[in-house]
Amino acid sequence: MSKYIVVTGGVVSSIGKGITSASIGRILRSYGVNVTAIKIDPYLNWDSGTLNPYQHGEVYVTDDGMECDLDLGHYERFLDVELSGKANITTGKVYSSVIEKERKGEYLGSCVQIIPHITDEIKLMIRNVAEKTKAEVVMVEVGGTVGDIESQPFIEAVRQLKNEEGHDNCMFVHVTYVPYLKAAKEFKTKPTQHSTKELRGLGINPDMIVCRSELSLDANLKEKIAHFCDVPIEAVINTPDAHSIYEVPLIMYSANVGSYILNRLNIDTATNKADLYEWSQIVEDLKIETPKVKIAVVGKYIELEDAYISIRESLKHAGAANKVHVDIDWIKADNDFNIDILKQYDGLLIPGGFGERGINGKIEAVKYAIKNNVPIFGICLGLHAMSIAIAQLNGYPDANSTEFDENSTCPVIDMMEEQKKINNMGGTMRLGAYPCKIKEGTLAYEAYKDTNISERHRHRYEVNNEYRDILTSAGAIISGTSPDDFLVEMIELENHPWFLGCQFHPEFKSRPNKAHPLFKSFIKAAKNKKQNQK
């Protein structure tokens, strides 16, 4: 039987509920507990696939092809697990399921209401994940802030969940923010008190309060919060701003979060001590300041780093694996893009994206890397930019993608045939994990040390097979394909120190303890370039 830890948030949004959930999960995993995680997003969208990255950040893709909230990326990286798309519950999914059941007559003529039908569906979705994963503990993060009208059905559902599962099988962790007023030189606990009061007014008494803050809170402040929020002082946990998000599990473990939760939920473990040695080593490796490599991410949505959060984290993982510090600069690939700015970098990365804006800047960045032997890594749209650049530099100046010019006379990149028949936008791309066959003697093979891999995809466009010969005659190496050789999955370039583009998204499979092979190889190449310049 699974036990549930529900994480709610108060005071402000983006407070760190996802990192808190992931950190608690990491701590429990280090005790040998089987943990999974769920993210509840209280928006009416069915999934994250059509959301603006400027507003919502990265769209994370699971193996089973669900477009999800970026917090699932935190869960997978911290817990080192592969989650199902069912781990992302949205209001859209809940209402769609309830309406479908109503149309089928499954409610036997009842007046369908928020309570009990919507709340029952929410609980069913949570329990289905628990049953499928056989997890001992299920982390359930409720998105938004306590008091939001959108979150109310979910708050009511998890309140009911605790009553039905029992006190020993469900607990609540409330994440709040304790602001520091520099003028007064003091912390203010009133927002935390009011947020907890709001939660208790909805029928939920938190078992633990996690206080986010810029600086560390002293014992007197913790005692004050414990007194006014009616929790034991040992259940008031402070997580001040850290050098790295990967430090948070260590901070929480040092505050005895693990033992408190194990006792609160009556969980028996094979050991009384968590094994966080490997995690501690990762944190130390991430603190390395020298040697240093500079990487430019030439992208479209660079104003919000969360739009490329998995790429950022993957670069950090690869830096730790190569014992170097990775300095990341975010370069906007717009019309006024100055190519000379790239001279200072040891490597370039062209991330995925959609639409024409910024594509010319990305193509020019690829050409710069080709002409100057700079290591360059292209992901999804990055592979498209690489293919177009190779063609343009080798006698096909009009090379383009039909994504940007439907009437292109040299469509090196074209929409996949099966995609041309699709009208709906959401959930209709080539999504999820697909196998890839790697050619021996290539950079890809050197990185993976395998000829058969699986990676996650999110795209509608591919290299046009009619232009394969043109690309290979220009020095391109097709180093990865679908098992039937029909789809180009990876491309490299002869006589270049490190030039690799992939149609898939390797950033979704990188872990702090297992840097993705391609990112690891890319950073190694950037490190070599810097060393050879000395």
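Keep in mind that glycine also has a Cβ here, set from the backbone N, Cα and C atoms.
In this view, CYS380 (active site, nucleophile) is surrounded by 23 other Cβ atoms within 10 Å of its Cβ, with every protein chain counted. In the three-state DSSP scheme, CYS380 (active site, nucleophile) falls into the coil class. As annotated by Swiss-Prot, active site, nucleophile applies to CYS380, with the evidence given as sequence analysis.
Under the three-state DSSP scheme, HIS505 (active site) falls in the coil class. As annotated by Swiss-Prot, active site applies to HIS505 (among others), with the evidence given as sequence analysis.
Under a cutoff of 8 A between CB atoms, and with a sequence separation of 6+ in the same chain, the neighbours of GLU507 (active site) are SER310, ILE311, GLU313, SER314, ILE379, HIS516, PHE519. The active site annotation in Swiss-Prot covers GLU507 (among others) and rests on sequence analysis.
Here Swiss-Prot flags SER13, LYS188, THR189, LYS190, PRO191, THR192, GLN193, LYS224 as UTP binding site. Other Cβ atoms within 10 Å of the Cβ of GLN193 (UTP binding site), summed over all protein chains shown, number 16. For the recorded site, GLN193 (UTP binding site), the DSSP three-state label reads helix.
Around SER13 (UTP binding site), taking its Cβ as the centre, 12 other Cβ atoms fall within 10 Å, counting all chains. The feature CTP binding site is assigned by Swiss-Prot to SER13, ASP148, ILE149, GLU150, LYS188, THR189, LYS190, PRO191, THR192, GLN193, LYS224.
Under a cutoff of 8 A between CB atoms, and with a sequence separation of 6+ in the same chain, the neighbours of GLY16 (ATP binding site) are VAL175, ARG212, THR239, VAL248. GLY16 (ATP binding site) carries neither a helix nor a strand DSSP state and counts as coil. Residues annotated as ATP binding site in Swiss-Prot: SER14, ILE15, GLY16, LYS17, GLY18, ILE19, ASP71.
Using a 10 Å radius centred on the Cβ of GLY353 (L-glutamine binding site) and all shown protein chains, the other Cβ atoms total 22. According to DSSP, GLY353 (L-glutamine binding site) is assigned to coil rather than to any helix or strand. The L-glutamine binding site annotation in Swiss-Prot covers TYR54, GLY353, LEU381, GLY382, LEU383, HIS384, GLU403, ARG460.
Residues near GLU141 (Mg(2+) binding site) in space but far in sequence (CB under 8 A, at least 6 apart, same chain), listed by position: VAL6, VAL7, LYS17, GLY18, SER21, ALA37, ILE38, LYS39, ILE40, ASP71. Under DSSP, GLU141 (Mg(2+) binding site) is assigned to a strand (E or B) in the three-state scheme. As annotated by Swiss-Prot, Mg(2+) binding site applies to ASP71, GLU141.
Taken from Swiss-Prot, the feature domain 'Glutamine amidotransferase type-1' applies to 294-532, supported by sequence analysis.
Mean model confidence for the region 'Amidoligase domain' (1-267) is a pLDDT of 95. The region 'Amidoligase domain' annotation in Swiss-Prot covers 1-267, and the record cites sequence analysis as its basis.
Of the listed binding-site residues, namely SER14, THR189, the sparsest CB environment within 10 A is found at SER14.
Among the residues the record lists as binding ATP, namely SER14, ILE15, GLY16, LYS17, GLY18, ILE19, ASP71, the two farthest apart have Cα atoms separated by 12 Å.
Sitting within 8 Å of the Cβ centre of SER14, ILE15, GLY16, LYS17, GLY18, ILE19, ASP71, and not among those site residues for ATP, are the Cβ atoms of GLY9, THR20, SER21, HIS74, GLU141, VAL175. Considering only the binding-site residues GLY18, PRO191, GLY382, the Cβ with the fewest other Cβ atoms within 10 Å is that of PRO191. In sequence order, VAL178, PRO179, TYR180, LEU181 are the residues of the chain that are 6 or more apart from LYS188 (UTP binding site) and have a CB within less than 8 Å of its CB.
Taking the C-alpha positions, the distance from LEU381 (L-glutamine binding site) to ILE15 (ATP binding site) comes to 32 Å. THR189 (UTP binding site) sits 42 Å from GLY353 (L-glutamine binding site), taking the CA atoms of both as reference points.
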